[in-house]
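Student: So Swiss-Prot says this about it:
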type: REGION; residues: 205-230; note: region 'Disordered'
type: SITE; residues: Asp65; note: site 'Paracellular cation selectivity'
type: TOPO_DOM; residues: 1-7; note: topological domain 'Cytoplasmic'
type: TOPO_DOM; residues: 103-116; note: topological domain 'Cytoplasmic'
type: TOPO_DOM; residues: 184-230; note: topological domain 'Cytoplasmic'
type: TRANSMEM; residues: 8-28; note: transmembrane segment
type: TRANSMEM; residues: 82-102; note: transmembrane segment
type: TRANSMEM; residues: 117-137; note: transmembrane segment
type: TRANSMEM; residues: 163-183; note: transmembrane segment
Amino acid sequence: MASLGLQLVGYILGLLGLLGTLVAMLLPSWKTSSYVGASIVTAVGFSKGLWMECATHSTGITQCDIYSTLLGLPADIQAAQAMMVTSSAISSLACIISVVGMRCTVFCQESRAKDRVAVAGGVFFILGGLLGFIPVAWNLHGILRDFYSPLVPDSMKFEIGEALYLGIISSLFSLIAGIILCFSCSSQRNRSNYYDAYQAQPLATRSSPRPGQPPKVKSEFNSYSLTGYV
């Protein structure tokens, strides 16, 4: 039952990680305008994502424009797009595989490969979490580097957007989910091997008597003397 509970917790975390990765990938707020120095008094604030950028006016109106070209974007944005899409695809595949391998499902109940399928789902969750964490950490490092650089003008500095925080949390959820699924299946396999060895132990002790030792008669197992009652 412990492994079943761990699998459920791992799958829920993996599903939350997938949903969070999808939302973080689509949000246009990977980095937002920084109001420091001469840029404190500005009429327009900008926020940029992987697929679009938005401008928020002082009147409260927000306008978002999708990038007209993808090949003309910076290399870090293109790499982040590819990694986030790949991470979402791998995490989706991990959700499907984990459903087949979990003990609470009806798929392949009599098959011994059920635990291996669950472990494969956990490995895919770990891979998806890593692919989602790399672009988030990469953009986070670039934002902090430009923010504290004296060579970058204040109007070109950005702050960390909420999409990056969501991406970090989602990737950690996917990593933890994969580790939990792999650990639950490995512990269940070790426990089953122990039970098999324990059940086979009495059969091994019921062996034939040693050479030179006469077999015991049934009366020898009785601790009471039969002649005492005559």
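Using the three backbone atoms N, Cα and C, a Cβ is placed for every residue, glycine included.
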Student: Do any residues at least six apart in sequence from Asp65 (site 'Paracellular cation selectivity'), in the same chain, have a Cβ closer than 8 Å to its Cβ, and if so which, in order?
Tutor: Met52, Glu53, Cys54
Student: DSSP secondary structure for Asp65 (site 'Paracellular cation selectivity'), reduced to helix/strand/coil, please.
Tutor: strand
Student: Give the mean pLDDT for the topological domain 'Cytoplasmic' (184-230) on the 0 to 100 scale.
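Tutor: Taking every residue of the topological domain 'Cytoplasmic' (184-230) together, the mean pLDDT is 50.
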